[in-house]
Amino acid sequence: MHSPAAAPDPERGGGGGGRLPRPHRSSTSAAPNGSGGHHYNYHRDPADYHGRARHSWLVPVCVVACVVVFVVTMYVNDCRGHELDGGPLREQQGRCVARFLRRFSFQPLRENPLLGPSSRTLIKMGALERSRIVDGHQGWRLLTATWLHAGLIHLLANMLSLVFIGIRLEQQFGFVRIGIIYLLSGFGGSVLSGLFLRNSISVGASSALFGLLGAMLSELLTNWNLYCNKAAAVTTLLVVILINLAVGIVPHVDNFAHIGGFLVGFLLGFIILLRPQYAWMERDNLPADNRVKSKYKLYQLILLGIATILLIAGLVFCTVMLFKGKDGNDHCSWCHYLSCVPTSKWKCDNS
């Protein structure tokens, strides 16, 4: 699911997700050994071995937090209160939407078709704006922008996507690892957005959502032997990711945040979502506690090392360049097409 592209400010649309096949146990093979016992090797899902199902609470907390922040943002916005200011601009934009909500009514549709606050309110609440980060030294906006949303439609799209993607991942891998991916992906998306976004502001949780999608893909690749229907799962997930990224090339959608979040989540998946390849040994002379050995494949360790280096180097480099005031567009003349491609139907502001 992706948030609507028409918005007063660049927003981060919700991600989509495909349902991956469950890990399976491969067939068991027995080989006699010298002690008269048998040696059994098969892949085993760690969740099966521990015999417990995790409960999801991080994702509901994130959903509640985003909803609370949106309510507070609308309270601060106070559209009906600002109607008293009048002026030609106010008359041109129209009246507040859902006026019965009083202080919580939405900005006029001409100003914000997503049913939300004004750009000025979003900036006040912590929206991502390059000039305030670089010149105003307000680096905290790299964190707060992920919890803000441009409107009610934007909020619903992202929260539904978070529930659809995040609960399954949290139940499978726990709140600590999924929380790390969510937060770091949101930060990474904000950093890349700050490097390339020029005269617009950006809000939304979908940089973190794209991080979860990226982690799903890398988890599938690094734990390849634990899955059946692998090709179908990878193809489905890639199609979902590409469709969501393709929607980001229309105006008013911050695709740099999507790309940055996806890359961070993709690398983190190789680091913290890899699973040991279990080997089960049945021997009469071994105690029960010693019958299971946790082993990682060589390719898993290689991917872990490469991903760790790329993640640390990439985040540090991009963050330093941002706070030094570097503009990514000066070093990549075509990169702006990743976020908006002009057509006969719309124009892109690349100034």
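The chain as shown is numbered from 1 upward.
Any Cβ shown, glycine's included, is placed from N, Cα and C.
Feature annotation from TrEMBL assigns region 'Disordered' to 1-39.
Under the heading transmembrane segment, TrEMBL lists 57-76 (among others). Sequence-distant contacts of the transmembrane segment (57-76) (same chain, six or more residues past either end, CB-CB distance under 8 Å): 103-104, 106, 116-117, 121-122, 124-125, 147-149, 152, 155, 158-159, 162-163, 166-167, 170, 175, 178-179, 182, 205.
The domain 'Peptidase S54 rhomboid' annotation in TrEMBL covers 137-273.
The transmembrane segment feature in TrEMBL is assigned to 147-167 (among others).
Same-chain residues lying 6+ beyond the ends of the transmembrane segment (179-197) with a Cβ under 8 Å from its Cβ atoms: 10, 12, 58, 62, 128, 130, 133-134, 141-143, 145-146, 166, 205, 207-208, 210-212, 214-215, 254, 256-265, 268-269, 272, 314-315, 318-319, 321-322, 326-329, 335-336, 339. Annotation source TrEMBL lists transmembrane segment at 179-197 (among others).
Look at TrEMBL and you will find 203-224 (among others) tagged as transmembrane segment. Residues 3, 9, 11-17, 20, 23, 62, 66, 122, 127-128, 145-150, 154, 158-159, 161-162, 165-166, 169, 173, 178, 181-186, 188-190, 193, 230, 233-234, 237-238, 240-241, 244, 254, 257-270, 273-275, 299-300, 303-304, 307 of the same chain, all 6+ positions outside the transmembrane segment (203-224), place their C-beta atoms under 8 angstroms from a C-beta of that stretch.
Residues annotated as transmembrane segment in TrEMBL: 231-250 (among others).
Per TrEMBL, transmembrane segment is recorded for 256-274 (among others).
Feature annotation from TrEMBL assigns transmembrane segment to 301-323 (among others).
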Cβ-Cβ under 8 Å with the transmembrane segment (301-323): same-chain residues at least 6 beyond its ends: 133-134, 139, 184, 187-188, 191-192, 194-195, 218, 221-222, 260, 263-264, 267-271, 274
